[in-house]
Structure formats: C-alpha cells, structure tokens
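What follows is a structure written as structure tokens; I'll ask about it next.
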C-alpha cells in the first residue's frame, strides 16, 4: 500500500515524520500526534467513524488518518495554543511584512515567460550585478494599476508589500548543460513549493492544460481534489488553490 499521492500530505503528517522510510520510532508518538489534532477530530466518535481506534495504528493507517482529518479547520484558540506558537507576538514585529521569497532559475527568459504569461505576474524591478555575474528579477501578482510609475516610488512600494517573487539568474546557466537547481521535493528534501490562489481552480487548470504546462498533481490525482500542483521551467512546484470549497 502507498500513502496519499504527492502533494496530498498534510503539514501535520510532515511535522511528525509520516513519510516513506521515516516511520521508525514514530509509533510511540501516537499520544503526541493525537494531541496535535483539532479537538473535533480526535473524539472517540470521530476516530470510530474513520475506522481508527485509540490504540497505536500501523504507519499506513495513521498516515491515512492524519490525511483524512487534514482538512479539518482548527479554531484560532487551538492554533494559538500549539506548542511553540507565540499567541501575542511582540509589538516590535507589528509592522513586519513577509516581503518575498527567492528562487534560482537556469533560463531567465523561460522563467519570466512562465511567471508573467502563465501565472500573470508583473516584473516590477530588475537589478544587475555584472561583476558578480548575476541578476535579480522581482515580480508581483497584483493589478498593474497598483504599480507606481516612478522608479523610486515603485522600489519603496515593492519593499512594502507581501508576496513578491524574486528570481535569481546566474549569467550563463541558460547555456550550461550541466546547470540545474534542486526543487526540494526529492532527497535531500528541503524547500517545497510556492502557492497561487485563483478564483476557480478548475478553470485555471483547464487553461494550464491548454498551455501545455507540466503538472506534478492534477485535480483528479490522489485524494485531495481541490488543489493542483504545476511545475515551472526549473521544476519548482507551484500549488494552485481557490479560496472557497469546490
């Protein structure tokens, strides 16, 4: 038997190490695992309905259980009381903004085409470092009317908003047959994916299909049929979701 398809696991499953080859020693953590689940998901009735007892299950069944409750929403109180969570961050962080994430790309022309044409990003800034032989490209997924025309104002605006994507291009990698970047989803694992929210995930995926975009997971794959994963030219995964239930 196999665990749910790629992209279908939950953060909880990953946090407790329910992955291929990683189960050793995890059976003894069943009480801890239960303690991390939302209260509404770990009642005896819920466990029974899902075919699980309170005894420690086999690894595969536990993975399926965690997956089956993975869409259960936790209350804000439950989220704020999880181990390690600071419910009231310090006032000094109040105006902090998660501004950008960075991906290294092999062929900047292909990457810009993917992110601007396929996903609708706008290039809002470019910085060249000729002596170090690399360039930085900053993209935002916003209404173009929001982007300031003035260079200085646009630079300050870009640094103040959330969700900027920075692409780093090391000059010459596009013509280097040996150049490639690890997407983090095979050993050694690390980085996972970025995510784009769309109004209608089915319509979006139909368009991606028509454009010949590579899929890691289609809506019909696995048990989580409300999201998909596409791949950019370097193989980085981009999760596609919609805000409302299908």
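The backbone N, Cα and C atoms fix where each Cβ goes, glycine too.
Curation plays no part in TrEMBL annotations; they are all automatic predictions.
Summarising the annotation, TrEMBL assigns active site, proton donor/acceptor to 239. Look at TrEMBL and you will find 166, 193, 239 tagged as Zn(2+) binding site. For 97-243, the entry in TrEMBL reads domain 'VOC'.
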For residue 193 (Zn(2+) binding site), just give me the three-state DSSP call.
strand
Could you put numbers on the helix, strand and coil content of the domain 'VOC' (97-243), residue by residue per DSSP?
37 helix, 46 strand, 64 coil
What Cα-Cα separation, expressed in whole Å, is found between residue 193 (Zn(2+) binding site) and residue 239 (active site, proton donor/acceptor)?
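Distance (Cα to Cα, whole Å): 7 Å.
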Take every residue in the domain 'VOC' (97-243), average their pLDDT values, and give the whole-number result.
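Here the mean pLDDT over the domain 'VOC' (97-243) amounts to 98.
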Would you count the other C-beta atoms found within 10 angstroms of the C-beta of residue 166 (Zn(2+) binding site) for me?
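There are 16 such Cβ atoms around residue 166 (Zn(2+) binding site).
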